[in-house]
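Shown next, in structure tokens, is the structure this report addresses.
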Amino acid sequence: MNDSNDPRAASPGRPAGAGIAARALAARGGPVAAPPADYLAGLNPEQRAAVETTEGPVLVLAGAGTGKTRVLTTRIAHILATRRAYASQILAVTFTNKAAREMRNRIGLLVGGEVEGMPWLGTFHSIGVKILRKHAELVGLKPNFTILDTDDQIRLIKQLIQAENLDDKRWPARTFANLMDGWKNRGLTPEHIPEGDARAFGNGRGRELYRAYQARLLSLNAADFGDLLLHPIAIFQNHPDVLADYHRRFRYILVDEYQDTNVAQYLWLRLLAQSSEARVAEGIRTVNVCCVGDDDQSIYGWRGAEVDNILRFDKDFPGSTVIRLERNYRSTAHILGAAAHLIAHNEDRLGKTLFTDFHDPEHEKVTVNAGWDSEEEARAIGEEIEQLQRKSHALNDMAILVRASFQMREFEDRFVTLGLNYRVIGGPRFYERQEIRDALAYFRCVCQPADDLAFERIVNTPKRGLGDAALKLLHEYARAKTMPLIEAAGDLVQGDELKPRPRAALAEVVRNFARWSSLLPTMRHTDLGEMILDESGYTEMWQADRSADAPGRLENLKELIRSMDDYESLPGFLEHIALVMDAEQNAETDAVSIMTLHSAKGLEFETVFLPGWEEGLFPHQRSLDEGGRSGLEEERRLAYVGITRGKKRVKIWFVSNRRIHGMWQSTIPSRFLDELPEDHVDVLEPSTSYGGYGAGGMGGYGASRWDQNAFSASSYQTPGWRRAQAAGGGGSTYAGGRGQAIRYGEGGVAGSEPASRTASKADRYISRDGRPVGETGFDEPAAPTFDRSGFAGKLTDPLSANRSRGSNMPARKGGGLYASARAGGPRDIEGSLVAKSVADEESRFTVGDRVFHLKFGNGTVALIEGNKLTVDFDRAGQKRVLDGFVEAV
DNA sequence: AACATCCCTATTTTT
DNA sequence: TAGGGATGTT
């Protein structure tokens with residue numbers, strides 16, 4: 001494991017001479033030990049402590065916006081400058097390529113751009129690959145193994161499931177992939193998975209499938225993402241000499257985003273960070289591991305991250321120093337105040353309080369805005385953006401952060417009509433596009449003749465007349481001879497088992513690959529790439545395609561070839577793209593960013609819009625269902641991440657109606673809204689242009705909704721909200737009461753529940769001035785720009801929907817996102833209703849019934865499909881709605 | 001092999 | 001609603 005760029009390789013021992021970094025710094029005068037070196041200038045005392053405490057285990061709890069990356073990079077610069085280690089002796093791990101890139105750049109800036117090194121700065125996975133390539137044979141791989149992506153993985157699993165004679169409908173490959181992913185995240189090999197897990201899939205054959213999968217990977221000379229960690233762990237565990245080599249090498253270990261590490265990463269890290277004889281022999285007596293993270297920003301539990309890793313750091317590394325970074329340099333006091341108050345509702349946290357000196361009476365409070373439906377939300381936010389733009393705020397400084405990607409569409413639609421520039425971050429990636437993956441499959445076959453998965457992908461793409469029959473023959477032959485498919489194809493075309501036409505087609509494929517492979521060592525890889533795509537007929541296939549996206553695909557293929565230019569060779573390129581699935585976004589044009597809260601972590605914007613704060617969506621119902629209290633806490637951290645992205649302005653929205661899977665459902669405000677502190681939050685009336693609402697417009701319904709029923713405490717409307725806050729009793733601890741009580745059996749809200757059920761119909765329809773309204777409300781003229789405003793006052797008591805739904809909502813799943821969220825309370829308490837609903841297939845309605853819907857008014861039932869009704873509404877036309885949302889009239 | 005039709009499902013996402 | 005996947009039809 002001698003790196004050629006490691007000066008220590010030849011002569012072990014303490015670094016003898018100044019590293020490049022140290023030289024660069026020393027040149028600026030004075031011995032490096034003399035404080036303060038200029039890279040330390042400007043650090044606050046805590047940051048400085050985090051940088052200078054180089055020896056022993058250190059945990060840096062870095063709150064949002066407290067200069068985490070700065071600490072990390074400065075610490076590395078400091079280690080280099082003080083000659084504690086060479087760049088090649090520092091292991092620095094991040095989660096994303098982006099983070100690794102940024103660190104590399106910033107270290108470069110700090111030490112004067114001359115550090116060519118830091119060979120061990122990278123993501124867990126890229127470092128894992130590096131280690132695995134060196135010792136591949138120890139786990140039965142060849143050093144040039146391929147890295148499978150999810151797509152390949154699924155196809156492979158599917159084959160295995162079919163090979164086991166299991167019904168792949170009943171046991172979807174996708175599900176097993178997730179299951180296996182979970183095992184790998186926890187560092188579990190087939191022998192170690194819990195019996196229950198093993199039984200849970202494929203008629204109890206989970207373990208066998210996992211085993212078969214791993215065996216198949218070895219025969220394909222391939223590893224999946226999980227293996228990039230698991231194999232190194234196995235190597236370290238089974239080959240102490242190899243581990244000792246790494247112990248001698250790594251003097252300093254740094255980990256970014258420690259709160260996101262999973263068990264496998266933790267094990268990997270712990271092995272590398274162990275104190276060992278090898279280290280002691282090198283004069284290293286302490287484990288110089290520094291983990292940086294923020295437990296409050298742990299949002300990847302669903303992906304296997306263990307917040308626990310950060311919570312018990314001091315137990316893993318006894319004698320550790322914990323440094324808290326709490327001075328925030330990003331946001332206003334209002335924003336921090338709101339975020340802090342919210343996150344304080346979490347129990348599982350180490351506890352930090354961010355503070356700032358950034359006070360200014362001009363600062364805006366965090367706003368909470370109510371909207372009628374998601375269309376209005378998009379419209380109003382669009383308008384606010386345009387207003388800011390008129391006040392010469394750059395679009396680049398604004399972002400819309402959503403909980404789920406389906407929310408994006410509404411904004412996109414709206415912005416397109418407004419002609420407002422936007423960019424969607426995340427979403428389908430370049431390297432995941434079909435045409436790119438096809439092209440890559442060709443390249444993989446050329447570099448890796450054993451890559452059956454790649455071969456399968458493209459044998460008949462473009463169409464070559466190789467149908468099921470021919471491929472089945474090929475597979476059987478290959479299996480019988482245990483040889484790769486390409487090789488099998490080479491044999492098969494010699495014989496006469498194949499019909500003439502497929503035989504000729506396959507022969508050509510074989511010939512082509514042989515030729516391309518032979519050109520690999522000599523031809524420029526970009527030219528070869530182009531040649532492959534042309535000669536295979538792949539380019540032609542898209543040229544002939546008349547569909548609208550074909551030109552774009554051709555463009556992507558060109559881009560692919562172009563980007564190959566940045567790499568040495570075809571294999572080098574393939575390696576890169578296997579690990580780096582992100583494509584750079586251009587920040588050239590001024591545009592609003594739209595992204596999920598997850599992908600916003602680490603970013604910051606002057607103005608942040610947070611739409612969709614509604615129960616069921618945020619917190620997401622599924623997190624609640626699957627994660628219980630910790631699921632809720634993770635959602636709350638997500639909210640915290642969202643708020644703390646804002647520097648100057650944070651604008652939260654919730655609406656009363658949202659369209660889910662094409663059907664309108666009414667929603668109730670997120671419990672997180674109740675967890676925001678009054679003094680940092682302004683509750684606003686909609687500021688949009690449509691008339692008719694005026695002062696008290698939304699207020700009316702809000703008050704009616706919350707004041708009349710169990711949710712009174714959650715009313716954001718003054719005076720209702722204030723009153724509730726002041727009263728403190730009743731339902732004022734909304735979070736601990738309603739939502740959670742149900743789930744965690746704390747007793748529920750027995751008192752409030754019957755009240756809500758017996759509320760009269762009049763209670764439910766309260767006009768904006770607080771008067772109960774009847775049918776006449778529908779006769780109000782619609783405001784010109786807003787077709788539903790005629791219904792303004794009436795809607796919105798969520799309980800009416802709850803109540804009316806009752807009987808025929810399927811247990812949890814079928815109820816849909818919002819339905820089950822809202823139904824959560826009363827129904828689960830009663831239990832029997834749930835049970836009844838499962839069995840009760842019959843609708844309460846029959847075709848021809850007159851019904852009333854909160855959103856669409858009166859109508860006639862035209863069709864009933866389970867709990868879905870098609871209703872001809874008098875005003876709104878024909879709509880499909882869940883029957884829980886209409887009432888008989 | 002291309003096209004039609006039915007059925008099912010429906011977070012967050014990096015590597 | 002919409003999109004994918006699997007199945008059936010020509």
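Numbering starts at 1 and runs along the chain as displayed.
Glycine too: its Cβ is placed from the backbone N, Cα and C atoms.
What TrEMBL says about this one:
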BINDING   A:Ala62, A:Gly63, A:Ala64, A:Gly65, A:Thr66, A:Gly67, A:Lys68, A:Thr69  ATP binding site
DOMAIN    A:41-332  domain 'UvrD-like helicase ATP-binding'
DOMAIN    A:333-602  domain 'UvrD-like helicase C-terminal'
REGION    A:767-822  region 'Disordered'
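For A:Lys68 (ATP binding site), applying a Cβ distance below 8 Å and a minimum sequence separation of six or more within one chain yields A:Val60, A:Ala62, A:Asp256, A:Val292, A:Asp294, A:Leu325. Ranking the binding-site residues A:Thr66, A:Thr69 by C-beta neighbours within 10 Å puts A:Thr66 at the top. In sequence order, A:Asp294, A:Asp296, A:Gln297, A:Asn328, A:Arg330, A:Ser331, A:Ala339, A:Leu354, A:Tyr640, A:Val641, A:Thr644 are the residues near A:Ala64 (ATP binding site), counting only same-chain partners six or more apart with C-beta under 8 A.
A:Gly67 (ATP binding site) falls outside any helix or strand according to DSSP and counts as coil. Taking the mean position of the Cβ atoms of A:Ala62, A:Gly63, A:Ala64, A:Gly65, A:Thr66, A:Gly67, A:Lys68, A:Thr69 as the ATP site, the remaining same-chain residues with a Cβ inside 8 Å of that point are A:Val71, A:Asp294, A:Leu325, A:Asn328, A:Tyr329, A:Arg330. Summarising the environment of A:Gly65 (ATP binding site), the number of other Cβ atoms within 10 Å of its Cβ, over all protein chains shown, is 22.
Across the domain 'UvrD-like helicase ATP-binding' (A:41-332), the prediction's mean pLDDT works out to 91.
Fewest other C-beta atoms within 10 angstroms, among the binding-site residues A:Gly63, A:Gly67, are seen around A:Gly67. Cβ contacts within 10 Å of A:Ala62 (ATP binding site), excluding its own Cβ and spanning all protein chains shown: 28.
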